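To start, the structure itself, in structure tokens.
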Amino acid sequence: MVELSFSQLLVLLLSLLFLFTTLASSSKTPRFKYSLEKPHHPLDPLTTPEIKRVQTILSGHDPGFGSGSTIIHAMALDEPDKQRVIRWKKGDRLPPRRAEILAMSNGESHVLTVDLKSGRVVSDLVNPTFGYPILTMKDIIAVSQVPYKSVEFNRSIEARGIPFSGLICITPFAGWYGPDEEGRRVIKIQCFSKQDTVNFYMRPIEGLYLTVDMDKLEIIKIVDNGPVPVPKSTGTEYRYGFLNETVYMDRVNPMSMEQPDGPSFQVEDGYLVKWANWKFHIKPDQRAGMIISQATVRDSKTGEARSVMYKGFASELFVPNMDPGEGWYSKAYMDAGEFGLGPSSMPLVPLNDCPRNAYYIDGFFASPEGIPILQPNMICLFERYAGDTSWRHSEILLPGVDIRESRAKVTLVARMACSVGNYDYIFDWEFQMDGVIRVTVAASGMLMVKGTAYENVEDLGEKEDDSGPLISENVIGVVHDHFISFHLDMDIDGSANNSFVKVHLEKQRLPPGESRRKSYLKVKKYVAKTEKDAQIKMSLYDPYEFHLVNPNRLSRLGNPAGYKLVPGGNAASLLDHDDPPQMRGAFTNNQIWVTRYNRSEQWAGGLLMYQSRGEDTLQVWSDRDRSIENKDIVLWYTLGFHHVPCQEDFPVMPTIASSFELKPVNFFESNPVLGISPFFEKDLPVC
């Protein structure tokens, strides 16, 4: 029998994944086939030839890249200088192409910059900050095999009566909890039973936890608090073809939005999107999942293309679980910085994730060995019409005049979904013809649950578990938070001269006898001078609007052109600031931040997130208190929600969503969608 090495097994697994995902995507699905062998825009992601060239250059720089002792953890375009990108026009020569690589070699973190034209490594920073790069699939697969090498672990499993054939140990978590965990990459894992179910997340093997040295692949510590009943597999199935339950619900007929003339948007050169009055660049990203760049909107009155946002993306996704017990205290995930939203993305499912007439974009990332890996159907673009109204008015006070004006609201959605372990997240960037950009994050998938001996709340008595409610027999849904920090480099009619304005709604009391009213609201505006002026904690009883304006671009009435942030889901972190997870997730100390533009400040939790200590976070940058008035500035908003689980979240959660908007404020001279055409029956298909 031929024995395969771990590396051969990994390559085989990746090859099978490639084959599966390629076959899973419909041949009729409009998609970008990656036939391009060269980039067309300064912000285009690395092409497959470029990824291969980077691997060749790195092998020459460090023989370890060829032997496998040096591992690539992330590779992406090192974007050109912002002003150079802004000045670039189609037909111009592209700026020099560079790649940024996060790698590990001999236990040290490397941040390398490679010049693709010269073939040189122009920078190699070793351990620039405390922490390690994003995990690789190779890391996760290797760690999942470590428990079986331990006699102590195997005895613990046997004592619990769990068959090894039904065992799976693939949910890693780390964090940072003191100096005893420093100096090496540490990971903590818990195992589950997949016997009689694919939903192993609902069958945790509670009370048994392992700490592993990732580089030596050795167990550092085993904690065995004694057996806890493993929840039964009954009721854990969620796949449509395997559900045997009777559903007492009237069938809803299939539906889709028909477009007889095809979609209204265009995708040029793979990544440049044009729709209605919008134009923007979109690309897959290993860490952020999806990046929107150079979003411009055309003024419907003048035809001028005006800049709105240079770059927007999900910077970090922080999920702290609220159980301080052994084995649980470190389950506080930084999904973007520790796992990556790009590699966690799975192919979007046509007709269910994205509607008919959607257009799909693939992603390409580098494997630990520097080999291009395909992420098919990673992003989809589609037009949405859900029966909403863009604007309307009917008039009844003019005799003999029949006025019933209404316009349908059609939007363009860019969507990416990722499955980061048990949780699934759907990210939407939705562009509206009135200039609004709405960003929505939806969550589904499986809860992170805890095993318990109790099957009914009556069994608990006064021993109710503080970590969460009972959601099924022997299953506790652990309370947790979701915080998604967005990096929003807003460039309102230019990049070098924006300001952040806090518009305060202040209650004014009237003296007796002046009016029959006793109070009213008055608006006062405050221009933030420095970064600390723009550290905002939301409060319902101290309301503000938050505007980004260009004081040098005035409307005909003298108002500065601007956009405002319309917050949606707001939740404050209740953790102490010196709690280790909160130190790393310090960007949740406020809901809104504004910083001076710095191309190195992109990741709210820091560049090297894994086992970081909170020394390179948005909080640290903002506390430098740089001037932000009439400067190139970046808006940061953290969308958040607390999640107290319930029975409806079992075995898989119905999708919950939260959003925020970026909305024009005196940006246009009047309603920009006044002149859009209504729909008429004659223009629609008869189905």
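Glycine too: its Cβ is placed from the backbone N, Cα and C atoms.
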Cross-ref Swiss-Prot: Cu cation site His480, His482; candidate in list His73, His110, His281, His643 matching that site is His643
Rounded Cα distance, in Å, between Asn497 (N-linked glycosylation site) and His480 (Cu cation binding site) is 40
Those same-chain residues, other than His480, His482, His643, found with Cβ within 8 Å of the centroid of the Cu cation-site Cβ atoms are Val319, Ala443, Val479, Asp481, Phe641, His642
Students should find that the Cα atoms of His643 (Cu cation binding site) and Tyr423 (substrate binding site) sit apart, in Å rounded to an integer, by 13
By Cα geometry, the one of the recorded positions (Asn154, Cys169, Cys380, His482, Asn598) nearest Ala336 (substrate binding site) is His482
With neighbours defined as other CB atoms within 10 A, the best-packed of the glycosylation sites Asn154, Asn244, Asn497, Asn598 is Asn497
Expressed in Å to no decimal places, the gap between the Cα atoms of Cys354 (disulfide bond) and His482 (Cu cation binding site) is 24
Across all protein chains shown, the recorded positions Cys380, Val420 give the max Cβ-within-10 Å count at Cys380
Sequence-ordered list of residues in the chain of Cys191 (disulfide bond) that lie 6 or more positions away and have a Cβ within less than 8 Å of its Cβ, or none, is Pro147, Ile157, Leu167, Ile168, Cys169, Pro204, Ile205, Leu208
